[in-house]
Amino acid sequence: MTGNQFNTLISILYVGYLLTQAPSNMILHHMKRPSLYLSSCMIIWAAITMFMGTYHAALILRFWLGFVEATFFPGAVFLLSRWYKRNELGFRTALLWCGSSVSNACGALVASGILGSLDGALGFTGWRWLFLVEGALTIVIAVFAIWILPDFPSTPSAWLLPEEQMLAQRRMEEEIAARIEDENKLEENSSGLVEALLDWRVWWLGVAFHLMTCSMSFSIFFPTLSATMGYNATISLLLCAPPWILGTATSFVVARHSDATGDRFWHIFGPLLVGVIGFIIAISTMNTAMRYLSLFFMAQSPIAYVIAFTWVMNTFSQSQSKRAAAIALINAMSSTGLISSAYFWPSSWGPSYVNSYLICIFASVVSIAMCWVFRVHLSRCNETAEAEEQVLGLPEGFRYLI
């Protein structure tokens, strides 16, 4: 590929994300078998992956791949929010997200092995084997996932006793402290979507997530940044693993502490600040050791995304339909960051990529500022609710996590 072809190939995937996530989650909210829905989508995207070929064919396939793949992350997050309470979600979301972090670490190792050992086998080039092997393995995992993934607590299941299933439902009923949706009320497919669209907080967080995603665009080009240290392709791919392994381990600690303390903002601010330090180090020097150290700092910033997404689920926890829509809309707006940021790393800006890092620093700082404003807003809402309860003599009700 030449010019911006690679960047376009990265960007085109997220067009489908933008268009599909909100309607997909609204469909999922009214399904009894989310396990079947998510697994089927996984099988389809794995099959599409296996047919990757020439540049123009890959461009078309990745466009359609985005529509199918878009269903998974917001759907999986929504499924988690139906099983776990607000103070339990951070760690569980981190466990889900670690799949992405581990793939950043192991994906490079797997690619190195396949490209080196299967190139030319049965007449296929190494990069074709990469798509064939990973697509086939994904289909196998997806078939097993049909029976392994749980459905909603309200869906009859063979792996829970009736008492356990009732307990799971009651836990979530207790979680909706301020108001419980009237189950006898007719809830149209679009009602939660309309509520989310009319809530300014959804749009505010969507922009903040968009900027946060832009600041983390380095993760897509991590092997490229590793290659700027001057090693050969195999060594560069191997060097990608340690930063992501450390980032995965740190995410569990940060998420667990965030759940234990009930704090969200400072656990978002910290990882983003560490990432900014990594960008500054990378801008400041071309020294091999220091640039590799900067990659370790950068790999910490995606932890902020995990905590921020948990914050979304906490904030919109009072209505299941609105929560499903809010998760999907915010994640869709977040995905637009990947459409644009794919062009933040042109080869002409390498090997220092100073301009790219400056854009990431700007996006991080503005995202932190927007999260701070959101924190102040929720804090004021909590103060207002507390004052009303004191005046009316009511027991303590719902409080936003800040």
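Numbering starts at 1 and runs along the chain as it is shown here.
Here the Cβ of each residue, glycine as well, is placed from N, Cα and C on the backbone.
Residues or ranges marked as domain 'Major facilitator superfamily (MFS) profile' in TrEMBL: 1-379.
Marked as transmembrane segment by TrEMBL: 6-24 (among others). Beyond its flanks by at least six residues, the transmembrane segment (6-24) meets 55, 58-59, 62-71, 74-75, 193, 220, 325, 328-329, 331-333, 335-336, 338-340, 342-343, 345-346 of its own chain at Cβ-Cβ distances under 8 Å.
The transmembrane segment feature in TrEMBL is assigned to 36-57 (among others).
Per TrEMBL, transmembrane segment is recorded for 63-81 (among others). Among residues of the same chain six or more beyond the transmembrane segment (63-81), those with a C-beta under 8 A of the stretch's C-beta atoms are 12-17, 19-21, 24-25, 28-29, 34, 37-38, 41-42, 44-45, 48-49, 89, 92-93, 96, 149-150, 152, 309, 313, 317, 323-324, 327-328, 331-332, 335.
What TrEMBL records for 93-115 (among others) is transmembrane segment. Sequence-remote contacts of a segment are chain residues at least 6 beyond its ends whose Cβ falls under 8 Å from one of its Cβ atoms, and for the transmembrane segment (93-115) they are 76-77, 80, 126-127, 129-130, 133-134, 219, 222-223, 233-234, 237-238, 240-245, 247-248, 251-252, 254-256, 299, 302-303, 305-306, 309-310, 313.
With a threshold of 8 Å between CB atoms, the same-chain residues lying at least 6 positions outside the transmembrane segment (127-149) that come near it are 34-36, 38-40, 42-43, 45-53, 79, 110-111, 114-115, 118-119, 121. Here TrEMBL flags 127-149 (among others) as transmembrane segment.
Residues or ranges marked as transmembrane segment in TrEMBL: 202-222 (among others). Distant neighbours of the transmembrane segment (202-222): 10, 104, 108, 196, 240, 243-244, 272, 275, 295, 298-299, 301-302, 304-305, 308, 312, 316, 326, 329-338, 340-342, 344-345, 356, 359-361, 363-364, 366-367, 370-371, 373-374; these residues of the same chain sit at least 6 beyond its ends, with a Cβ under 8 Å from one of its Cβ atoms.
Below 8 angstroms of C-beta separation, residues 91, 94-95, 97-98, 101-102, 104-106, 108-109, 111-112, 116, 222-223, 226-227, 267, 270-271, 292, 295-296, 298-300, 302-303, 306-307 of the same chain, each at least six residues beyond the ends of the transmembrane segment (234-254), sit close to that stretch. Among the features that TrEMBL reports, transmembrane segment is placed at 234-254 (among others).
According to TrEMBL, the feature transmembrane segment maps to 266-286 (among others). Within the same chain, residues 90, 212, 215-216, 225, 228, 254-255, 257-258, 293-304, 307-308, 311, 351-354, 357-358, 360-361, 364-365, 367-368, 371-372 sit at least 6 positions outside the transmembrane segment (266-286) and bring their C-beta atoms closer than 8 Å to a C-beta of that stretch.
What TrEMBL lists as transmembrane segment is 292-312 (among others).
Positions annotated as transmembrane segment by TrEMBL: 324-344 (among others).
TrEMBL lists 356-374 (among others) with the feature transmembrane segment. The list of residues near the transmembrane segment (356-374) in space but at least 6 beyond its ends in sequence, with Cβ under 8 angstroms from a Cβ of it, reads 201, 204-205, 207-209, 211-212, 214-218, 265, 268-269, 272-273, 275-276, 279-280, 282-283, 301, 308, 341, 344-345, 349.
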Residues from the same chain, set at least six apart from the ends of the transmembrane segment (36-57), whose C-beta lies under 8 A from its own: 1, 5, 9, 27-28, 64-65, 68-69, 71-72, 75-76, 79, 128, 131-132, 134-136, 138-139, 141-143, 145-146, 149
Spatial neighbours of the transmembrane segment (292-312) far in sequence, C-beta under 8 Å, 6+ residues away: 77, 89-90, 93-94, 97, 100-101, 104, 205, 208-209, 212-213, 215-216, 218-219, 222, 225-226, 229, 239-240, 242-244, 246-247, 250-251, 254-255, 258, 264-265, 267-272, 274-279, 281-282, 326-327, 330-331, 364, 371, 401
